[in-house]
Amino acid sequence: MSNLLSPPAGFNFSQLPSNLIPGDANPPWMSKGDNAWQLVAATLVGLQSVPGLIILYGGAVKKKWAVNSAFMALYAFACVLLCWVCWGYRMSFGDKLIPIWGKVDVALEQDYLFQKAFLGMFPNATMVFFQFVFAAITLILIAGALLGRMNFYAWMLFVPLWLTFSYTFGAYTIWSTAGWLSVEGIIDYSGGYVIHLSSGVAGFTAAYWVGPRSTKDRERFPPNNILLMLAGAGLLWMGWTGFNGGDPYQAGIDASLAVLNTHVAAATSLLTWLILDVIFFGKPSVIGAVQGMITGLVAITPAAGVVQGWAAIVIGLCSGSIPWFTMMVVHKKSELLQKVDDTMAVFHTHAVAGSLGGILTGLFANPRLCFLFYGTSNKYYGLFYGLHDRQIHTGIRQMGLQLLGILFVVVLNVVMTSLVCLLVQLIVPLRMSEEDMEIGDEAAHGEEAYAIWGQGDRLEKSAGFSAYNDDTAGAARSGYNTSKNQVEMV
C-alpha cells in the first residue's frame with residue numbers, strides 16, 4: 001500500500017489548524033486519523049480474543065472443560081504479547097535474515113517505537129500492537145483443536161515455541177515487504193494464509209500428536225452455555241471490522257470496502273450453512289449458524305479489500321457450502337479426519353475456509369482495488385480479470401502464487417508444529433492423564449466454571465483445590481440435547 005506524499009519543501013506548518021501543527025508528539029509524517037483508526041482496529045481484534053474467544057470456548061465445550069478452555073485462550077494472549085515485543089515482531093517484520101525469516105531483535109526501545117512504521121502513517125508502537133493481536137488470535141484458534149485433553153503445562157511451552165518457529169516464518173514470508181512470497185505478489189489481504197490456514201493446519205497437526213479426548217467426551221460433548229457461546233461469536237463477528245478494516249493501514253475508502261465485504265460474506269455464509277442444515281437435517285441449528293458465520297469471515301479475509309461486493313457474496317456462498325460439505329460428508333468418510341480429534345473443527349472452519357478464500361482471491365481480485373491497496377499497477381490480477389483484460393499470463397501467475405502460498409503454509413505448519421510438539425513432549429506430557437481428563441477443570445486448575453451447588457452448599461465430591469478459593473464447589477451435571485451432526489463447532 002502506498003503512503004501519502006510528504007509536505008512540499010518550504011511548506012509553512014503555521015498555516016494549519018493548531019491541532020495539526022507538528023510537534024514532539026505529532027511528527028510531520030504521522031496522520032492522527034490513521035493512527036487513531038489503527039489503534040481502534042487493533043483493539044477490536046484484541047476483543048475478538050479477550051473476551052470473545054474466551055467466552056466462546058468457555059460456552060461451547062462440556063461444562064467440566066469451561067475453565068480450562070477459556071484459560072488456554074487467556075494464557076496465549078498474555079504469553080504472545082511478551083514474546084512479540086521481545087523478539088517475535090522483529091522476526092516477522094524486521095530486517096531480513098533469509099527470504100522467509102527476519103532477524104531477532106526487540107521492539108521495546110523508545111527510539112524504535114517512535115519511528116515511522118514500515119507501512120502507514122503511524123509509529124512502530126502502533127504497528128507492533130496491531131500485529132500482536134493477529135499473532136495472539138492465531139495461537140488461540142489453534143487451542144480450539146486441542147480443548148478437552150491437552151496438558152496445560154505443555155500448552156504453556158507450545159505457545160512461545162510455535163510463535164517463534166512457525167508464525168514468524170509465515171508472517172515474514174507473506175506479509176513483510178521483503179518476504180519471499182510478498183515480493184512475488186501473493187495476495188493475503190488480512191490473514192487468510194498467515195492466520196487462518198496456519199491455525200487450521202497447525203491445530204489439526206497438534207491434535208494428532210496430543211491424541212484424542214476421552215471416549216466419553218468424544219461421544220458426547222454438548223456446549224454448556226449456548227447463549228454465552230453466541231455472545232463470544234458476536235464479539236468475533238463485530239471484531240472482524242478491525243480485523244479486515246485495519247489492514248489498509250489508513251482510514252480510507254479501501255478500509256470501508258473491506259469492512260462492508262467482510263460482513264456481506266459472513267451473512268451470506270451463515271444463511272447458506274443454515275439452509276443446508278434445514279434441508280439435510282430438518283432443523284435450523286444455532287451452532288451450525290455460528291460455524292457458517294466463521295467460515296464466511298475466514299474466507300473473505302484474504303480478499304476483503306480487493307474484490308467487489310458481488311464477489312463477496314459468491315465467496316460467502318462457497319464458504320457456507322464447501323466447508324459444510326467437508327465437515328458433514330467428507331469428515332465421516334475419511335479415516336484420517338476421524339482419527340484426529342479436532343475439538344472445535346478448526347481444520348474445516350479455518351484450514352479449508354482459508355484455502356478456499358485464497359483460491360477465490362486469485363480468481364476475483366480486482367486490479368483497480370489491488371492498486372488502491374498495494375499501490376502497484378498490473379502486478380496483482382485476479383484470473384477472471386486477467387482473462388477479460390487479455391492479461392492471461394498475469395492472471396494465471398496470480399493463481400499460481402495463491403496455490404503456492406497454500407502449499408508453503410501447509411508444509412511449514414505440518415513440519416514446525418510436529419517438531420514443536422515432539423520437543424515439548426520431551427519436557428512434559430502433551431496430554432493430561434486419563435484420570436484428570438475424567439475430572440476436567442478441577443484436576444487441571446482446582447476451579448470450576450459454575451461453583452454453586454443447590455443453595456450454595458459445597459459439593460462433597462469436589463476433587464479440586466483452588467489457592468484463591470478453597471470453597472470452590474462443583475456444578476450440577478447438565479447438557480443440551482444437540483444434534484449429533486452439530487456437536488462439534490467452529
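Cβ coordinates come from backbone N, Cα and C, glycine included.
With a cut-off of 8 Å between Cβ atoms, the residues of this chain six or more beyond the transmembrane segment (36-58) that come close are 66-67, 69-70, 72-74, 77, 120, 122, 126-127, 129-130, 132-134, 136-137, 140-141, 143-144, 147, 225, 228-229, 231-233, 235-236, 238-243, 245-246, 249-251, 255, 344, 449, 490. Per TrEMBL, the feature transmembrane segment maps to 36-58 (among others).
TrEMBL lists 36-450 with the feature domain 'Ammonium transporter AmtB-like'. Within the model, the domain 'Ammonium transporter AmtB-like' (36-450) shows a mean pLDDT value of 97, rounded to a whole number.
Away from its own ends, the transmembrane segment (70-90) comes close to residues 46, 49-50, 53-55, 57-58, 102-108, 128, 131-132, 135-136, 139-140, 143, 146-147, 150, 152, 155-156, 159-160, 163-164, 167-168, 445, 449 of its chain (Cβ-Cβ under 8 Å, at least six residues beyond either end). What TrEMBL lists as transmembrane segment is 70-90 (among others).
Taken from TrEMBL, the feature transmembrane segment covers 128-147 (among others).
As annotated by TrEMBL, transmembrane segment applies to 154-173 (among others).
The feature transmembrane segment is assigned by TrEMBL to 193-211 (among others).
The list of residues near the transmembrane segment (223-243) in space but at least 6 beyond its ends in sequence, with Cβ under 8 angstroms from a Cβ of it, reads 40-45, 47-48, 51-63, 66, 134, 190-191, 259, 262-263, 266, 286-287, 290, 293-294, 297, 301, 449-450, 478-480, 482, 489. Annotated transmembrane segment per TrEMBL: 223-243 (among others), in sequence order.
TrEMBL lists 286-304 (among others) with the feature transmembrane segment.
Residues or ranges marked as transmembrane segment in TrEMBL: 310-330 (among others).
The feature transmembrane segment is assigned by TrEMBL to 351-374 (among others). Sequence-distant contacts of the transmembrane segment (351-374) (same chain, at least 6 residues past either end, Cβ-Cβ under 8 Å): 1-2, 187-189, 192-193, 195-197, 199-201, 203-204, 248, 252-254, 257, 294-296, 298-303, 305-308, 311, 314-315, 318-319, 322-323, 326, 380-385, 389, 391, 398-399, 401-403, 405-406.
The transmembrane segment feature in TrEMBL is assigned to 403-428 (among others).
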Cβ-Cβ under 8 Å with the transmembrane segment (193-211): same-chain residues at least 6 beyond its ends: 134, 137-139, 141-146, 149-150, 154, 158, 162, 166-167, 170-171, 174-175, 186, 298, 301-302, 339-343, 346-355, 357-358, 405-406, 409-410, 412-414, 416-418, 421-422, 425, 430-431
CB contact flag for the transmembrane segment (286-304) and the transmembrane segment (154-173), at least three pairs under 8 A: no
